[in-house]
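Asker: When I checked TrEMBL for this same protein, it listed these features:
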| type | residues | note |
| --- | --- | --- |
| TRANSMEM | 28-48 | transmembrane segment |
| TRANSMEM | 112-130 | transmembrane segment |
| TRANSMEM | 142-160 | transmembrane segment |
| TRANSMEM | 180-203 | transmembrane segment |
| TRANSMEM | 224-244 | transmembrane segment |
| TRANSMEM | 287-305 | transmembrane segment |
| TRANSMEM | 317-340 | transmembrane segment |
| TRANSMEM | 346-366 | transmembrane segment |
């Protein structure tokens, strides 16, 4: 049996991503949505790992993984390795082995959950290829996403390794490079977005369209949705730099930053460009401005739909996106004012991915229908 179809199957002039009919389409769709949900859980677990300062507890890494300590002697050996790290010496000196076990298990769970995702993705992928369900176009896209997922483990270790190096000054707390953390989180967002968009394309090859007027309204909305989505993505990446610089624990007031609107040290680093990625004050100010811009942009998107003739499902989706944006800003402010507790910090990170999910769904829903569908629509 063919391992992969060479061209997309034609269904009323529409190129399908999955062959062999509706049942195969449903099976592949469920698998891809499940994989996307797993990546979502990875992002949330990664947030918990970072907020509990567990990420630097494992001081070595193997691509295939390894068993956790199984005896008191093995635990003591791992603890001794951790004691040589800058984080133990400057932050956790004197911690008990039971406290060490907690942060170790958090990091171990995060790493193994990622490896389990690789197995969970690869096995069904191989099965669907053997059955000939997957077209060449879909197979190439999924292979690229699988390669990104495999590389994510390397990016994660590259990030952790930066936190195991001695800081430049004895007064600086050891932490991972904000650039590497941003690369790790952005890569996770890209993988999630690719899986979610592909799953939507499999189960919903055509957008909801019942009249040409609704198609024209969706086209107008799409021209607004794309730049708003870009703002949402940039805001999410800026949040990674907030996390990387631990900027959420500075200026825990709102709307002002302390007693001022704009701190006077936002350009203290040289060259100037470094301030946007390494200066705690500037990084937090950027994120505040971008978050506010995101909320205003989505509010404008929602307001514009009042004058457009669009499908009711799209109108509902825009309303849900506006509500999620408002909730996300509320979570962000609450996290800041509460000095970044684990629960709120995790919820805020999950909220960013939820908002991105809704924007992906909106963009997918307002895309142009195929010519075969357009010809059947009433004027």
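Each residue, glycine too, has its Cβ placed from N, Cα and C.
Please treat TrEMBL annotations as automatic predictions, because they have not gone through curation.
Are these features on the surface or tucked inside, and what touches them?
Answerer: When Cβ-Cβ distances below 8 Å are used as the criterion, the transmembrane segment (28-48) is approached by residues 17-18, 54, 106, 109-110, 113-114, 117, 120-121, 124, 128, 133-134, 184-185, 188-189, 191-192, 195-196, 198-199, 202-203, 342, 345-346, 349-350, 353, 357 of the same chain, each at least six residues removed from its ends.
For the transmembrane segment (224-244), the list of distant contacts is 50, 175-182, 185-186, 189, 277, 283-284, 286-287, 290-291, 293-294, 297-298, 300-301, 304, 348-349, 352-353, 355-356, 359-360, 362-363, 366: same-chain residues at least six beyond its ends, Cβ to Cβ under 8 Å.
Within its own chain, the transmembrane segment (317-340) is flanked in space by residues 51, 221, 248-249, 251-254, 291-292, 294-295, 298-299, 301-302, 305, 347-348, 351-352, 354-355, 358-359, 361-362, 365, which lie at least six positions past its ends and keep a Cβ under 8 Å from the stretch.
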Asker: Could you pull out which residues elsewhere in the chain have a CB under 8 Å from any CB of the transmembrane segment (287-305), counting only those six or more residues past its ends?
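Answerer: Counting only partners 6 or more residues beyond its ends, the transmembrane segment (287-305) has Cβ contacts under 8 Å with 221, 224-225, 227-228, 231-232, 234-235, 238-239, 241-242, 247, 257, 314-315, 318-319, 321-322, 325-326, 328-329, 332, 355.
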